[in-house]
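A short write-up of the structure that comes next.
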Amino acid sequence: MDWSSRSSSSIADAEGDMDQLFVNEDQEEDEEDCTMQLTRTEWERARAIKAAVEACDDVRNVPDFEYAKLAICCSASQKVEQIVEICYKLQAFRDLYSLKETMEDATTTLRSFFFHQPGLLMDVSYIPSEKCYTSSSDMAKMNFDRVQTDEEWRAFQGGCYYWIRSMESDFTAIRNGIIVLNECEGMSMMRNFNVVAQERAVHELWAYYPARHKESVWLNAPTAATLFYGILKRIINSELLRSWKLDGKLDGFDGRLDQLFHMPTMEIAQQALLQRMQRFLQKRNDNIQTFTLDKARLIVP
């Protein structure tokens, strides 16, 4: 699916209609067994990753859910030793920012992220027809002047961490990949750029984070967005880079994405977004608690 040509009304229906969203989430619950199934290849690789991690004294407390996610997301060319290193990097990242992987910490961290970067993250939603998640951001609202102190760095990096975690509730969604829409109109070199901070943010997390990306569309990209893209292109992971489409458009909609999502106000919309992300994160945590590789159900070819 080419989301750059998707109509604005379709996107609003998929992402902004909360009643429709919750009805579809209930429908998704009926398919829970299917959404948590693995292919035999994924299952076997997850077990190999688990054995390697458990043999490594430097990595601790990795749930079976995470082994399965790594088996789904990491390319076939990546060796098990490289995946163990990813586990270690994620652990070091969580230790660096004291991220506890609890609902309380996720909620506190996301609130801080919204406070320090108001309007940057506009939407995270589940699309039942695609069985995947979508994320919409306003890149013109990215403010690296508010990513300076230790507290601000924790809010930014921790917020990004829980942001992507919220789109990993089950194996079907993880396998299908994330759809990302980035609104770029209004970006400027003065307001949205800090090469040192951007490179730090990428190297600490995005350069290696294991995730599948279905499509990443940069909408209404001015020169500043093109330069921003050029900076990230050198340091972002290849899986994410392959999904990027620069200067896309939405069919039948010439405005900015915030006109679709910040209704009736940005503050009210962001509170609703936080509640939605809490719901997604809770589902992820529930699946972490119940899933084991020993009792995993496999997809029948």
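Each residue, glycine too, has its Cβ placed from N, Cα and C.
Automatic prediction, not curation, is the source of TrEMBL annotations.
Record features (TrEMBL):
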type	residues	note
COMPBIAS	1-10	compositional bias 'Low complexity'
REGION	1-29	region 'Disordered'
DOMAIN	162-245	domain 'CRAL-TRIO'
Three-state composition of the domain 'CRAL-TRIO' (162-245), taking helix and strand from DSSP: 43 helix, 15 strand, 26 coil
Local confidence of the domain 'CRAL-TRIO' (162-245) - pLDDT mean: 88
